[in-house]
Amino acid sequence: MKKIIAITGFAMLGGGLREGLSLLVTWPQHFWITCLINIVGAFVLSLITNLLPARLPVSEDIVIGMSVGFVGSFTTFSTFTFETLQSFQSGHSVLALSYVAASLGLGLLAGLAGNFLSTYWLPKEEF
């Protein structure tokens, strides 16, 4: 039950932050904020899952709440998919493909960067 409460609580924070950022940005191509959020989420998820349990005395429920709840609600694959399909359907194929390439490529690089920083900040025997 503690795990569900942690996930729910952190999901409210992550979803609220995501919506807040979406409201602040008024780019004509609003989907780039989704791309940026997903890239930041990939980086943060790597840090949370690798670094947090080793550096701080937090329970597994908190780590799962932060990763599944906060990062899961902050990032969004469904919005990414919907926005990509909208771009294709409105005839913006190059833009849609650029969005997919940027999201996947930069997301993977952000995850790798999070893993790299985790190994840098942790003693070798802990990683």
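Using N, Cα and C of the backbone, Cβ positions are placed for all residues, glycine too.
Annotated in Swiss-Prot:
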TRANSMEM  4-24  transmembrane segment
TRANSMEM  31-51  transmembrane segment
TRANSMEM  62-82  transmembrane segment
BINDING   GLY72, THR75  Na(+) binding site
TRANSMEM  94-114  transmembrane segment
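If you look at the transmembrane segment (94-114) against the transmembrane segment (4-24), you find fewer than three C-beta pairs under 8 angstroms, all six or more positions apart, and that falls short of contact.
The 10 Å shell around the Cβ of GLY72 (Na(+) binding site) contains 19 further Cβ atoms across the protein chains shown.
THR75 (Na(+) binding site): 21 other CB atoms within 10 A of its CB, across all protein chains.
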